[in-house]
Amino acid sequence: SLLGIYPKVGALPVRFLKAGKNDIEFCLSLSDLNTKGVILQAFEMFRLKSCVDFKPYEGEKTYLQFEKLDGCWSYVGDFQTGQNVSIGARCEYKDTVEHEVLHALGFYHEQSRTDRDDYVNIWWEQIIDGQAYNFNKYDDDFITDLNTPYDYESVMHYGPYSFNKNSSIPSITTKIPEFNDVIGQSQDLSKIDLERLNRMYNCASSLTLLDQCSFESINICGMVQSKTDDAEWQAHSQADFCVDHLVMSMGYFMHFNTTVGHPNETALLESRIFYPRRNTKCLQFFYKIDGSLKDKLIVWIKRDDGSGNIRKMAQLQQHWKFANIPFNSQAKFRYVFHGIKGDPSTSTGGINIDDISLTETQCPTGVWQIRNFTSALQNTAKGDYIASPVFFNSEGYCFVLSLSPHGPVNSSGSYLGIMFALCSAENDGGLEWPAGDRQVTFTIVDQNPDITQRMSASRSFVTDPNQIHNGKLLWDKPSITGSVDPLYGRYIGPFWGWNYILPHSELHRKSFLKDDTLMVFVNFEGNVPCYSYVILLSVVSSEQQPCEVGWAESLCLVQSHPVSSVAEQGLKPRSTEPQSCTPNHCTTLPLTSPQKMNPCPVLSQVVQWQFFF
């Protein structure tokens, strides 16, 4: 067996998966809906970033049984039997689940490396009695680092105040002080975590990532120019136009020049052929149309069976926007970017695309881009917030978000906070109320063009149908629980969410800001899988010019007059009235297809080899 930061051959425990096997059976032996949902989110992240998979228990000798026991802990490696992973109270976070699953996969804590004393100081006298073993250091005849550097960003690294006796005195500090704010990150697997995992399990590719392209390579990711069009897409660098979406690369993107030629000339850029493994797909990319108001960008899903006929239209401005396109396909397919010149005599630029990713995962319910975020940070105070557009989920529920650049009035002011509220809509009479047992997930997106390297910050909660707020059911109709907000012209219910989701220090350390834009994904779904179409895009009306092309499925993107930044952001001061900030930690995300799970055996709780988060 190839082992990483986990015992070497001959030492127990051992790597979890057998050679040639990459799926782990699991049981969810807990009733907490939010915890179930977060565990399934973590599984999806492993599938996206590695070849390690998880499937419902079918009788294998070796499997993981997730339970809500005392604390967050797991055994290290495979004990050749069913073994518990505890996701207890206050452990219901994706990064915590990833941490505990990595223990089961064979990972020890980063601060347990043989060479850790070169990088950190352990203050033993400050550690709670009985927890010192979490800071043990192991000899290199027991573990190996797989020739990778010490990783301050590892999801397996404790933060400065882990298991400390005094809340103001750290138990672990870094020898280079600048890294004290890095250790203990609560976002996602780090780049080096993934490098070790993929070496350990011989992963050459992702299970759910089909394609990604930032146009940095000379072969433009295998995309081809059509021979049946009038013009060509060209690769340009950031220096050519100063408009590239990338901030830490050579800065290439694809550009279709619409300033020359004739109206209605086209340029087609086709992807290579893809062979699906799952039915669900999500195509995401950044685009910018800065030429004529009549320029159009159509995105086709070109299938072998020719099914489907969907058209969408977006409202564009003079900056990069994000397209989020869910679709289904079980037949092989290509995606195609189809640029159409509007009026070259009035065009001042063209159509640009960048940072494409294609995954076999669900797209987020909604995407919110907050522009000029640096200015928002500078011109807001604790308690101020930015209001989102209105979103609708697949069931028809209306909801909004509010993001606090500095958190609530009584906070340190150094974290972003985010809240969720239901809003009234014309179809409320046909919906189920209260809107309980639905999982809300916020994600502040790390916009790294390599989707596998993103370390986004996510938090989730489930709407409790019985939760009371000010004498009313919290998730009842907004017309009952809330009041009319003049910004929306709708009833807005109580806000619920997280006062602390991302520290300011992370905003520039990673790619949370690109084009000075912060991006938020939000999911609000129940037990039914959702393949809802892009919230940013509205269906082309009969009054709008359709995109008439004979392929299967398309998204039509055109330019419109910009909306003022004030109207777009909806910036206004938050009420000083205290807001609920502790979510109900109690819907599960659905499996990709209904699967019957065999009854899980009852495990006895064993206490040795427990590693607490």
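From the backbone N, Cα and C atoms, a Cβ is placed for every residue, glycine too.
Just so you know, TrEMBL annotations never went through curation; they're auto-generated.
According to TrEMBL, the features are:
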{"type": "ACT_SITE", "residues": "E100", "note": "active site"}
{"type": "BINDING", "residues": "H99, H103, H109", "note": "Zn(2+) binding site"}
{"type": "DOMAIN", "residues": "1-204", "note": "domain 'Peptidase M12A'"}
{"type": "DOMAIN", "residues": "211-365", "note": "domain 'MAM'"}
{"type": "DOMAIN", "residues": "363-524", "note": "domain 'MATH'"}
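Note on the binding-site residues H99, H109: the fewest other CB atoms within 10 A surround the CB of H109. For the residue listed as 'active site', the Cβ neighbour count at a 10 Å cut-off comes to 25, with all displayed protein chains included.
A straight line from the CA of E100 (active site) to the CA of H109 (Zn(2+) binding site) spans 10 Å. If you take every residue in the domain 'MAM' (211-365) and average the pLDDT, you get 82. With a 10 A radius on its CB, H103 (Zn(2+) binding site) counts 27 other CB atoms from all the protein chains.
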